[in-house]
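One structure below.
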Amino acid sequence: MTGFLSLFRRLEGPQTVGRGPAFWGLFAVVLAVALVYPLVSDGYTVGNTVYFFVWVFIALSLCLIWGYGGSLSFGQTAFFGIAGYGYGILTINFGSAYGFTLVALVVAVAIAALFAILLGYFMFFGRIAGVFLGIVTLAVTLMLERFMAQTAGPEWRIGSARLNGFNGMSAMPPLTIPWPGEPIVLFADVGLYYFVLGLLIFVYLGLRMLMNSSFGNVIVAIRENPERAEMLGYDVRKYQLITFVIGAALAGLSGLLYTVWGQYITPSSMGMTAAALPLIWVAVGGRSDLTSTVIGTLMVLAAFQALTIYGSQYALVFMGVLLVLTVLIAPNGLVLGAMNWLGRLAARLTQRIG
Amino acid sequence: MSLLELRKLNKHFGGLHVTNAVDLTLQTGEIHCLIGPNGAGKSTLFRLILGEHHPGSGEIVFAGENITSLKSFARIHRGLSVKFQVPGVFKGLSVRQNLEIALQIRHRGAELEAEIDRLLAFLGLGSEQAQTAGNLSHGQKQWLEIGMAISLKPRLLLLDEPTAGMSPEETHLTGEMVQRLNADGMTVLAIEHDMAFVRQVAQRVTVLHLGQVFAQGSIDEIVADERVAAIYLGQAHA
Ligand SMILES: Nc1ncnc2c1ncn2[C@@H]1O[C@H](COP(=O)(O)OP(=O)(O)O)[C@@H](O)[C@H]1O
Ligand SMILES: [Mg+2]
C-alpha cells in the first residue's frame, strides 16, 4: 500500500516539468475536454485527432531514449514498422475473433521489443555511442524499408498475408474487444479515440513515474556523465539497453496503432522522412521533458497538416524553419522554454501576492 | 593487513610505457599519497585500478580478491570509489540530485532524504543544494564529487587531485574531511601536488616517475630525498 502511494508521489520530480495543484488542475481540465470532445465533434475530426495521438507514442520513445537517456536513435521507425507489419501479419492470418487482435497488439509490440534487445545488445555492449548510434539505427530502419519495398512478388507471403512490396499491407482487421452479445470493433473514430487516449494517459503517467524514480535518476545520470555513473556502481550498458527496449516498445505501439488506425502499413513508414520527423517534433517540443514532448508533437503535427493543404513542400520547409528557430532561440525546445518561462512568471506573481 | 596490492602493472599506450611494472601495496586504514611530475602515470594507475583501462600485464588484488578482469561497476560493488582529476559531476542536475543518485544505492524514502541532508552539511554545500552542479565553483565541484564518492561507503577511496583549484583554507578543510573519513575506517589513496595537503594527511607517500615507483616513505623521508627533489619537488618549489 505504501509502495503504491510512493509510486504516485513519483508523478512529480526534478525530471518532469509541472507540479502542484496548478499543474494537476490544468491536467484535469485538459483531460475533461479530451473526454468530452468526441461527443461534440464529427467522426472525421475525431479520427484525425486519433492520428495525431498515434504519433505521440513514437515521440515519447525518442524523448525517453534521446532526451532523458542521451542516446540519439535515428531509427525508432524500425520498431514502428516491425510492430505495424507484425500486427498485419498476425491478424490477417488469425482474424479478429476471441479478442485475438488484442493478443496481436501485445505480441507485435513484444516482437519490436525483442528486436530492440538484439540490436541494443549489439550496440551498447559493443560500445557504440554518440553519432555512431545514430548511424547504426538509421541504417537499420533504411535497410528494413528497402527490404520490405522489394517484397512485391507473390512469393513474399507469411501464411495468408502478402507483404506487397512498396504498396504495403492493407485490410488488416481493426482492434476488436470481445463482448457478450456483440464484439466491440474500434473503428478509427470515437471507439479507437477512447482506447488510444486511455493508452496515452497510461503511458504518459507511467513514464512520469519511471523518470522520477531511482531508475530515471540513473538514466539522466548516464546522459550527463556515463563514466561517473559507472563509477557509482551502475552497470551503464544494462540501463541503456533497458531504456532502449522500453523506447522500442513505445515506438512499436505507435506503429501498431498507426496500422490499426488506417488499416494499412507501408515500407515508407520506415524511410528517411518518417525517421526524421519524430526528431523534429521532439526537438521543437523539448526532448528532455515528457509534457513538452507531448504538447510539441501535437502542435507541430497540427501545423504541419494545416500547411499541407497548401502543398506538402511548404509544410516540409516549415518544419525545417521550425527546427532552425528552435536551435537558435530555445535549444532545449520551444515548448519547454515557454513552460519554464511561465513557471518563473507564476512563481514571481505568487511571491508578489504572498 | 593489505587492502590493495598492485603487482607488476604494465600499461602501454602505443609506444608509450605509461606504467612500468608498478608494485604498490596499501595497508587497510592508511592515508597514502601518490605524488610525481605531470605525465608520470598517476591518473592512469587509478584508471587501471578502476578497470577503465586494462593492464598489458600484472595483477590487481583488492581485499584478497584478484579483480584484474572485473568490470568497473563490479569493482565499485567490491568497495572501491573515486573522485576523478577533472570533476565528474552531473552538470545539468541539481547538487541535491547529484547526491541522491549516489545515495539511492544504499537508502530509500525518508532515510534517503535525511542522508542527503547529512552529506550536504558534511560537504558544506547546504545552501547550494538547489544549484545546477555545472554552476558550482571548481572547488565546490570537487567537494560534490567527493560527496558522491563517499556516499558508497567505500573501503578504499581514490582521490585524484582533490584540492586542485582550492584556496589554502579550502585545501585545509578538504584535508580535515579526508582525516574524518579515515577515522571512520576508510582507506584513502590520494594523488596530490599540494605538499601542504600531503603533509597534513599522508601517513605514507609514494613517488611515481616515468611510470615507475621512484621512492616510498614518510613525508619527511620523501622531502629529504635528494633524488626526489631533483625530479619533482625541486621544480615544484622552484
Ligand atoms: N588514453 C590515453 N591514450 C594515450 N595516452 C595517454 C592516455 N592517457 C594518458 N596518456 C599518457 O600517459 C601519460 C601519463 O598520463 P597520466 O596518467 O594522466 O599522468 P599523471 O596523472 O601522472 O599526470 C601521459 O604522457 C599521457 O599523455
Ligand atoms: Mg593526472
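Every residue, even glycine, has its Cβ placed from backbone N, Cα and C.
Residues or ranges marked as transmembrane segment in TrEMBL: A:21-40, A:52-70, A:77-96, A:102-124, A:131-149, A:184-207, A:241-258, A:264-283, A:290-310, A:316-342.
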Six or more residues beyond either end and a Cβ under 8 Å away: which residues meet both conditions relative to the transmembrane segment (A:52-70)?
15, 76-77, 79-80, 193, 196-197, 199-200, 203-204, 207, 211, 216, 219-220, 222-224, 226, 240, 243-244, 246-251, 253-255, 257-258, 261, 278-279, 281-282, 285-290, 293-294, 296-298, 301-302
Which stretch from A:21-40, A:131-149, A:241-258, A:316-342 shares the most C-beta pairs under 8 Å with the transmembrane segment (A:77-96)?
A:241-258
Touch test for the transmembrane segment (A:264-283) and the transmembrane segment (A:102-124), at least 3 Cβ pairs under 8 Å
no
Okay, the transmembrane segment (A:102-124) and the transmembrane segment (A:184-207): do they have at least three CB pairs under 8 Å, pairs separated by 6 or more?
no
